[in-house]
Amino acid sequence: MESIMEKPMMDDTAGGGIGRSKSDQLAPSSKSLSRTASAETVRSTPNTTSLSRKSSFWKRSASGGAGAGGNSHGHSHIRKSRSAQLKLDLDDLVSSGAALSRASSASLGFSFTFTGFTPPPHAMSSAELHPFSDDENTMDIEAGTRRKKLATEPTLPIYLKFSEVKYRVTVKGSQREILSGISGSASPGEVLALMGPSGSGKTTLLTILGGRVAGALEGCVSYNDEPFSKSLKRRIGFVTQDDVLFSHLTVRETLTYAALLRLPRTMTTQQKEERAMDVIYELGLEKCQDTMIGGSFVRGVSGGERKRVCIGNEIIINPSLLFLDEPTSGLDSTTALRIVHLLHDIAEDGKTIITTIHQPSSRLFHKFDKLILLGKGSLLYFGKASEAMTHFQSIGCTPLIAMNPAEFLLDLANGNTNDVSVPSDLDDKVHMENQNLQNNNSKNDYKPSAQDVHEYLVDAYENRVAYQEKKKLLAPLPISDDMKATITSSKREWGTSWWQQYSILFCRGIKERRHDYLSWMRITQVIATSVILGLLWWHSDPSTPKGLQDQAGLLFFIAVFWGFFPVFTAIFTFPQERTMLNKERAVDMYKLSAYFLARMTSDLPLDLFLPAIFMVIVYFMAGLKATATHFFFSMLIVFLSIIAAQGLGLAIGATVLDIKKATTLASVTVMTFMLAGGFFVKRVPPFISWLRYLSFNYHTYRLLLKVQYNPVPDILINGIPLDNGLTEVLALAAMIIGYRILAYISLRIAKTSAS
């Protein structure tokens, strides 16, 4: 028995691969195979299906021990211990009457069967049929379920080239250079990583390549040898570093709305929804698909899941170019590796992937095809990621201890030479520069500064690599002229029609904002206020002058309250959604007019629900005219006031686009309109009397008086005659339209200046 088991073990140690036996290779009639025959059958099997991970580990350990010790003593000890372990396993299995077994397959790297039993093919696990490989791992690491492969159709290949890209910004009147002459390229099927310490210009370069930066930009950026055009927007996906998502939408709703708005018109609604579900399963989000995204005040999905939702928003359109700004930030190493695997799957379909990365693990680093290393806005290396270490070793920079290659490169980019060999040329240069400043001329007393290291690396790249890489940029692209012309069109391509955009945005707006508008806090606030008012004005009697004054005060409070409340709700609309609007408009997800109109109309049902409850409670508790005509006219007047006040808030928010400034401006405006409303001051000086005509409080108050009293007592209006109310209605209608036109123009101007 000892000799039988040692023979395959010796073959294993010698480097021969021992494969698992396929059950269909065993003869059906061999039901009484001996252990020796079974082992020999397995050992002689020519086709190796797979090796277990522990088998590979033991094989490496055995060969490593022989190399270290220089004799076979370690081999003999390992063989005896493992043979004894095998004998123990076999005795246990025979005594328990097992019909099928693999004897110590995790340690020996082979398996065999007893009594000729052959398991059906479908009963064999995937680990037995295929070798373990990260590249072929289709299991959801977090959920433990099989992921669905994202089906992507062929798309236009785009070759990205950029040469001598320079970018400057003005800070306090002086020019500051962010990028200084960056050159490189990325082809379909490649993943290009931008690495560098914080402040090195990674995000700026990514934004420039994505066509989202204009201004003081020098150099050339081409897409299939053509400049950037508007038609490219629908072929580019851009994942920002910040997770910009609607907090009250679920994961499935977020990706479904993105699919409905961004996918081409040739796809049906069902196909778009199926694409969204495919992305959910591909990213491993099926467990949280019905969970809200969440935010600062709303509990939702985890940070890693939020990041994957942002990536899903972009890969759902099957882009030709995909830009990602630190997609693995905040993720554990396993989930980050899965994200990079996903990027490789996308690149294999002919897509070009460019991503910034911040200190990746060693496994992540080796997954990148190309690498750009930046330091202080300068190019320290561009080329194959697998050749980066070779380049820096050739210039004398070698790690003195075992470390992650990414960590080594970032240390160099920061000018940190701890645990890194200092090149002799740099050491001599530093010594010559400092020997006149020090009494001790020993080289060991000098250490190169971060600036010295930076200059040395820049010069080394320029002298050794830059010329060859720039020469490659001049090579003709392997595509036809017709394919180049497809990206030169200046015409925008919208995924859906204007009406479809409006409908989708309307539904999304209702689902997103219903949680804020119909929150228990807001409902309690309105109901509590209406009950207090009803008790204070309980069955007021307008037949006496004092009762008439009290009731007029209630009507004015209603006009002020439902003028103040909508203004301070609406001013936050565009400042809060500014980032989301810029993000979605940058990829031509919808037209600004469709968004604006959907935003206005989706708010109306929510804005008018609480006022209706308020009026039902206050109107009858306060003893106002209890007829259907008077009640519904009063309700209509309040609705007009709310819509006009909302328009003012939208105009202020869209014009300022800053919450603090908008709040201050709205406070002053609402206070002015309230004081000019005609209740507190009845004799307004002529030079400022025109303010009351701009106040929606003034027109609302006069209309409420007209509905409740006919004719209106002179004591309430101080001799100012009231007509049939048409003038006030037209004034409110003009405010409703005018304020919204002002808000739309302000948004359009802000968008143009941002572009």
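Every residue gets a Cβ built from N, Cα and C, even glycine.
What TrEMBL says about a protein is an automatic prediction, not a curated fact.
Given the structure is predicted, the values throughout are model-derived calculations rather than measurements.
As recorded in TrEMBL, the features of this protein are as follows:
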| type | residues | note |
| --- | --- | --- |
| COMPBIAS | 1-10 | compositional bias 'Basic and acidic residues' |
| COMPBIAS | 24-55 | compositional bias 'Polar residues' |
| DOMAIN | 160-401 | domain 'ABC transporter' |
| REGION | 1-80 | region 'Disordered' |
| TRANSMEM | 520-540 | transmembrane segment |
| TRANSMEM | 552-575 | transmembrane segment |
| TRANSMEM | 596-622 | transmembrane segment |
| TRANSMEM | 628-650 | transmembrane segment |
| TRANSMEM | 662-681 | transmembrane segment |
| TRANSMEM | 729-747 | transmembrane segment |
Close approaches to the transmembrane segment (628-650) from elsewhere in its chain (Cβ under 8 angstroms; 6 or more beyond its ends): 558-559, 562-571, 573-574, 600, 603-604, 607-608, 611-612, 615, 619, 666, 669, 696-697, 699-700, 703-704, 707-708, 729, 732-733, 735-740, 743
Segment-level pLDDT (mean, integer) for the domain 'ABC transporter' (160-401): 87
Same-chain residues at least 6 beyond the ends of the transmembrane segment (662-681) whose Cβ lies under 8 Å from its Cβ atoms: 552-553, 556, 559-560, 563-564, 567-568, 571-572, 575, 648-649, 652-653, 656, 688, 691-692, 694-698, 701-702, 717, 720
